[in-house]
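What follows is a set of notes on a single structure, which appears directly below.
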Amino acid sequence: MKITPVKALTDNYIWMIQHGNHAVCVDPSEPSPVLEFLVRNRLMLAQTWVTHPHPDHEGGAAALWRGYMESPVYGESDIEAATHTVTAGTRFTFGNGQVTVWATPGHTDRHTSYLLETSDGIHVFCGDTLFSAGCGRVFTGTVEQLYDNFQRFNQLPEGTLFYPAHEYTAANLRFAAHIEPDNADIQTALKAAEHTPTLPVTLAHERRVNPFLRTEIPAVRQRAEALVGKTLNSGLEVFAALRELKNAYR
């Protein structure tokens, strides 16, 4: 199975998953890049997966379905183009892989991540939940939900690959360096982020550079406390403080 990022809009990635002469597209913000990819690689669209109902994730799903009406569109019930409604625990297949749906709200009150298990490991298509060195902004969900999902992600094998939907890595790493100026792994990742795409990333990598997965590290907690000017008594409080600090960071 081959997984390729296709650039769209300003900083979006539409992930294309190939098996034989069939493909899945994940979060098609617009149809044209997907159609061009399919034609160039002589592929048929087999499935579309949508993580949440923002235009830069579902904007091209309806047009793709009209062009490939035999190919299902997977998404929660608030995805207008969905032909196959998913909920937490929904399972289906693509090629030789098993897909499991996780409910991962926080960025939005309804958000889905798709875990694709293949012979070479677990691939997580996480939309706007986890970014490399960062996390999604909280819009209609809650920071508590986002924190809980990071704890759940952190229980996956360290070789798990994450496929976020945006190229935010360099900006996120600059914030991470602001939180942990002495973290050599962050400095190394910053240099590497000059070259894109920076994705996918392993869970092992994110544990070293993502402050939102490092809320139990004393240096992270102490830095967050110094910046917000109060004691933070739990991982959740550190996570919430980091999210507010990131919102204001320039």
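Including glycine, each Cβ sits where the backbone N, Cα and C put it.
Swiss-Prot names D56, H57, D128 for binding Zn(2+) 2. Of H19, H22, H84, H166, the residue it gives for the same site is H166. If you take the Cα of D128 (Zn(2+) 1 binding site) and the Cα of D56 (Zn(2+) 2 binding site), they are about 11 angstrom apart, rounded to a whole number. Between the CA atoms of D56 (Zn(2+) 2 binding site) and H107 (Zn(2+) 1 binding site) there is a gap of 14 Å. H107 (Zn(2+) 1 binding site) counts 25 other C-beta atoms within 10 Å of its own C-beta, drawing on all protein chains shown.
Taking the binding-site residues H52, H54, H57, H166 in turn, the residue surrounded by the fewest other Cβ atoms inside 10 Å of its Cβ turns out to be H54. Comparing H107 (Zn(2+) 1 binding site) with H166 (Zn(2+) 2 binding site), their Cα atoms are 14 Å apart once rounded.
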